[in-house]
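Over in Swiss-Prot, the protein carries these features:
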type	residues	note
MOD_RES	Ser64	phosphoserine
REGION	61-80	region 'Disordered'
SITE	Trp41	site 'Seems to be involved in pH gating'
TOPO_DOM	1-22	topological domain 'Virion surface'
TOPO_DOM	44-97	topological domain 'Intravirion'
TRANSMEM	23-43	transmembrane segment
Amino acid sequence: MSLLTEVETPTRNGWECKCSGSSDPLVIAASIIGILHLILWILDRLFFKFIYRRLKYGLKGGPSTEGVPESMREEYRQEQQNAVDVDDGHFVNIELE
């Protein structure tokens, strides 16, 4: 006899689970683990960037710049700022009267 035939049997109304309401400790533990897994998976998908950045860099805000000359740090900051700045030449100004 397979596990499927022991747990679920077809009825007139559809599929019914015989183990609902069971007080078996294994069923209760499996249910709790399943619910916790679902909650953790949802939280992981919602906050994965923050979580993994925190794990990778710890309490620091990003990669360490220790040992890098100040001129290179300033050059890097300038490159990052230029990448963020918007080029106004790509936009068309439309004035409505």
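A Cβ is built for glycine as well, from the same backbone N, Cα and C atoms used for every other residue.
A simple way to gauge crowding: the CB of Trp41 (site 'Seems to be involved in pH gating') has 10 other CB atoms within 10 angstroms, across all the protein chains here.
If you average pLDDT over the topological domain 'Intravirion' (44-97) in this model, you get 71. Annotation note: Trp41 (site 'Seems to be involved in pH gating') sits in a helical segment as assigned by DSSP.
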